[in-house]
Amino acid sequence: MGIKGLSQLIADIAPFAVKEGEIKQFFGRKVAIDASMCLYQFLIAVRAEGAQLTSVDGETTSHLMGTFYRTIRLLENGIKPVYVFDGKPPDLKSGELNKRAERREEAQKALDKATEAGATEDIEKFNRRLVKVTKHHANEAKELLRLMGVPYVEAPCEAEAQCAALVRAGKVYATATEDMDALTFGSNILLRHLTFSEARKMPVQEFAYEKVLKGFELTQDEFIDLCILLGCDYCDTIRGIGPKKAIELINKHRSIEKILEHLDRQKYIVPEGWNYEQARKLFKEPEVQDADTIELKWSEPDEEGLVKFLCGDRQFNEDRIRSGAKKILKTKNTATQGRLDSFFKVLPSTGTPKRKVDEKKPLAGSSAKKAKTGGATRGRKPK
């Protein structure tokens, strides 16, 4: 889900924190990509006659085709991608995962009815709602990336948190995902739509975290509390509080604790046993691998390995795969020109910390000075 309504709230209050541009503007950049989000996009979008692409054995291959060609597109535009895969979901996410499972059950029932009625459009719609990225999909994508010479990272927990840690450490420029909670985890830069198909003709959106804080007049801690009020994957929300009210309350009271002290409990229903404190801790102290221990290396593609992996049972066209491998090799051999700012050392951010898997460190910089700009307008947009 990400953070409910956050992108629209930023557009309303801090539009200067968002830039739109083309993929070519990120030439020379290293970008950490939320792999699960990408695979989901590919499973939804890469289809033939409304159905996912499959091998001779009926195994889905849409995620492989999407990963192969979209990654080549990034490389041809001078971008060095590193894919970050989710690890074990945090316990706090169990409620959200249960809700997703229930929605899939409802979609399956609706699909059965649509199939019985022969409603083609409804069949395709509900089929898309049933899409789920599995461990098998992820493992196949990892093998493909290895053969392409593109690095990937296995996060111990949430991929967005690991991406943010890589950004803060100066290992990569930005996090690429559609989930706005990358900002809540402290990613200095968030890129949306980077891995979208060119056919969709949607500009890449670049969100600057520090500018968001400035526009909202919030510290990092206050921004996290705002995101919890808006709605995240880790706890319920207070019924009756939308985006406009949430930013108003945070600007006035500065924390959820103070909000609860002054809240009209008759008008706004607080969830019983609301675990907002645990959600806050998860955002401030996410379980991530120390970015300093991660080595990112882009190598030459294994053309024969790619042909063996993708052709044959998976039925990819050999000529196209060989052509793709040569394109990857060409980008590696010709990508010697860097960005002007790459001649200067990128210093790790000190604004938001990381912690190793076995360490717990508090979030630094949470007492950042508040800026003096902004106002609030209600907005709502899904992740």
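Sequential numbering from 1, following the chain as shown.
Cβ coordinates come from backbone N, Cα and C, glycine included.
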According to Swiss-Prot, ASP179, ASP181 bind Mg(2+) 2; which one of ASP221, ASP225, ASP233 is listed for that same site? ASP233
Pick from ASP86, ASP91, ASP236: which one does Swiss-Prot list with ASP34, GLU158, GLU160 for the same Mg(2+) 1 site? ASP86
Need the matching range: Swiss-Prot marks region 'Interaction with PCNA' on one of 282-290, 327-335, 336-344, and I'd like to know which. 336-344
Applying a 10 Å Cβ distance cut-off over all chains shown, what neighbour count does ASP181 (Mg(2+) 2 binding site) have? 24
Would you mind listing, in sequence order, the residues at least six apart from GLU158 (Mg(2+) 1 binding site) in the same chain with a Cβ closer than 8 Å to its Cβ? ASP86, GLY87, PRO89, PRO90, PHE185, PRO286, GLU287
The rounded CA-CA distance in Å from ARG70 (DNA binding site) to ASP181 (Mg(2+) 2 binding site) is 23
Residues with Cβ closer than 8 Å to the Cβ of ASP34 (Mg(2+) 1 binding site), same chain and 6+ apart in sequence? VAL84, ALA159, GLU160, CYS163, THR175, ALA176, THR177, GLU178, ASP179, ALA182
